[in-house]
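Visitor: This is the structure, below, for whatever I ask next.
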Amino acid sequence: MGKRSRQRQKNQNTKGDDRDNAGWGKGYADIVKENKLFEHYYQELGLVPAGEFEQFMDAMREPLPATIRITGYKSHAKEILHCLKDKYFKDIQEVEIDGQKIEAPQPLSWYPDEQAWHTNMSRKIIRKSPLLEKFHQFLVSETESGNISRQEAVSMIPPLLLKIESHHKILDMCAAPGSKTAQLIEMLHSDMDVPFPEGFVIANDVDNKRCYLLVHQAKRLNSPCIMVVNHDASCIPTLRIDLGGKKDTLFYDRILCDVPCSGDGTLRKNIDVWKKWTTSNSLHLHGLQLRIAVRGVEQLAVGGRMVYSTCSLNPIEDEAVIAALLEKSEGALELADGSADLPGLKWMPGVAAWKLMTKEGQWFSDWSEVPSNRRTQIRPTMFPPTDPEKLADMHLERCMRILPHHQNTGGFFVAVLVKKAPMPWNKRYPKLRKDVSSGSAAQTEGSPAASTPADAPRLPESAAGEGEGEGEGGGQEGNVDKEAEEEAPKGASSAQETTAKQDGVCGPPASKKMKLFGYKEDPFVFLTEEDPVFTTIQSFYDLSPNFPKLNVLTRTHDGKKRHLYMVSKELRNVLLNNSERMKVINTGVKVWSRNSDGEEFGCPFRLAQEGIYTLQPYIRSRIVRVSVEDIKVLLTQENPYLSKLEDDAHAQAKKLVMGSIVLKYNPNTNNPEQPQCPIQLCGWRGKTSIRAFVPRNERFHYLRLLGVEVFKEKQGVVQKGKDGEMEGKEEVEDEAGKKDAEKEDEAELDLENGGEIGSSEPMK
């Protein structure tokens, strides 16, 4: 076994080298972009308009063009867009690479405010071409600092259809690797003047290792309103919260249900799917997808929206799941028309008729045709409803299928569901909260609340067996995790099971045990208002009276607190009331870090750049207002003397004692040549000098906004001002900054190679 494992590892390493040194797809010598079963199946289904099938297949064989999205909630979004359009896009126009003319990137017509752009370049060309090195470095740097995201175009669609507002409670059921989660966070923070939106995002994934990739993505956005949890989405626990002194159930206003799928819409980027694709993939995943969707609508508030999506074109994973869900809901769910929300997007309406094919090529049009020996794998919910009237009332044509050749994208399916009433098997009656200022849970009526997750509503017995033995995958690529199988507890009520079998749809099945995998996480410990750490922090930074001390947490019960984090009060409510129900991987944004040198200056905690935009509104002292020229000096010189600052900033800094400070730039509307967005940096006022404590990629970001060209050559880092002269050598001042920069580099390498972020130690 050991010898075979070593040989397999050697082969994998060789393949990786081949891929890097060859053209797109050439590293997969054994993979030909042909699959006769795939072509036969989709030709027979007729999902592609007549006369377009060859175009469809040709598009599938072409590499997927790169697309980028500017983070919409950052106040710097307009400045980044200006920088992209006036500098980087102009530089790559008319460039030819391997005989291919590079066209100027174009905005996606259906994405608001020109915040998403597509090119005719694949990601591999951008990574490997020396002519595009500067553009690639820009993408890497700005991605790490959270100002842009490299994301497939169709992947941007589901969050837009959710119509998110800042007070919404959002659940992302199968969130890794996290590009859609990042969109959800951005939408919550649409108003940057509000440091703590009332809403929050709970991002879940079943794969413990992929949860850390999810943490990496979410942390780029520095939000106090995101929590990453690790559960099987098909039985994710019902959470409890404190509402007016009473325990209540948390129902979500918005749910993103982007389920694991066979991934045949990703053939353009995951070309190994050409070899692996078979109709069996969809048959194995259908039951799991339905269970996840049912669990989602159970936790949705009445009046809330759930978006169901897959990167598969197969009706078995798409319309069949939606139809089964609508049928089981008995009118509680309605399929919404989302076409008006995405003007400019080309899509095909959902189909109301489809057939099922086995991997041997045998077709079935109805459940009655399926032989008994296949009825464990093929289930009734995989077929269209037989009642024409019921089928018409479902309005399956409101589903949206995106075909690759229509707008040069990947393949995708999405459907928007609105909850009109409680699910028929639910004992709870959640209502969507209309009053933005009210508590974080939906109001409920009916029978008393269940006291444990075991009493939470579950999938009806009639559907519980669908896809039995399948587990939830960690993402869209159809990775199926067998660990997701769970046993029923010994104390499950037999009477409950009997009721479920008799009624068919109205009885919840026996609950499942919650299994926990992966690393043991450090605790989340909230501080009290009387905690001794606040004594020096309060006086040193002159915190305003409304500073929410109760929202501050640390990750240790004992010893000195190394880092302090902040979460919104709503997430604090969730954390305090569900410590035994859920496995939390990460939450909160770092606002202070312990600095032993600071104790002699009056405060042992220095400010952290990650949380400066969250924390600064509450800080009333230790602020130095700086100009554009001051920021250039601080970010390009290693440890400048105070005298290097302009007179105004110099005078302010001299009045302060040594220690951590905020360097704040306010835009001058009378000078449009300067950045028109506020800039806040963490700094340190030394005895005779001053420095900025900013991670490397954020440093690059701010310098670009100020018109300083930042380009890293093999010999070092070159930074040139508008006049072409060297401005200075980039360095990360403190040791913590250096370590952060190294971690970011490692993370980028992992992301580029499609790896997972995770280590033997949990991320903090």
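Heads up, the Cβ atoms here are built off N, Cα and C, so glycines get one too.
Note that the structure is a prediction, hence the values are computed from the model and not measured.
Summarising the annotation, TrEMBL assigns region 'Disordered' to 1-25, 429-507, 717-764. Per TrEMBL, domain 'SAM-dependent MTase RsmB/NOP-type' is recorded for 56-420. The S-adenosyl-L-methionine binding site feature in TrEMBL is assigned to CYS174, ALA175, ALA176, PRO177, GLY178, SER179, LYS180, ASP205, ASP232, ASP258. Summarising the annotation, TrEMBL assigns active site, nucleophile to CYS311. For 437-450, the entry in TrEMBL reads compositional bias 'Polar residues'. TrEMBL lists 743-753 with the feature compositional bias 'Acidic residues'.
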Visitor: Let me check the 10 A CB neighbour count of GLY178 (S-adenosyl-L-methionine binding site). How many other CB atoms are there?
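Guide: GLY178 (S-adenosyl-L-methionine binding site): 30 neighbouring Cβ atoms within 10 Å.
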Visitor: Cα of ALA176 (S-adenosyl-L-methionine binding site) to Cα of CYS311 (active site, nucleophile): how many Å, rounded?
Guide: 14
Visitor: By a simple count of other Cβ atoms within 10 Å, which of CYS174, ALA176, LYS180, CYS311, the recorded positions in the record, is least packed?
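Guide: Taking CYS174, ALA176, LYS180, CYS311 as the recorded positions, the minimal 10 Å Cβ count falls on LYS180.
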Visitor: Calculate the per-residue pLDDT averaged over the domain 'SAM-dependent MTase RsmB/NOP-type' (56-420) and state the result as an integer.
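Guide: The average pLDDT of the model in the domain 'SAM-dependent MTase RsmB/NOP-type' (56-420) works out to 91.
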Visitor: Cα distance, CYS311 (active site, nucleophile) to ASP232 (S-adenosyl-L-methionine binding site), nearest Å?
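Guide: It is 20 Å, counting Cα to Cα.
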Visitor: I need the CA-to-CA distance for CYS311 (active site, nucleophile) versus CYS174 (S-adenosyl-L-methionine binding site), whole Å please.
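Guide: Roughly 13 Å, rounded to the nearest whole number.
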Visitor: With S-adenosyl-L-methionine as the bound species and CYS174, ALA175, ALA176, PRO177, GLY178, SER179, LYS180, ASP205, ASP232, ASP258 as its recorded binding residues, calculate the greatest Cα-Cα distance and give it in Å as a whole number.
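Guide: Farthest-apart Cα atoms in CYS174, ALA175, ALA176, PRO177, GLY178, SER179, LYS180, ASP205, ASP232, ASP258 are separated by 20 Å.
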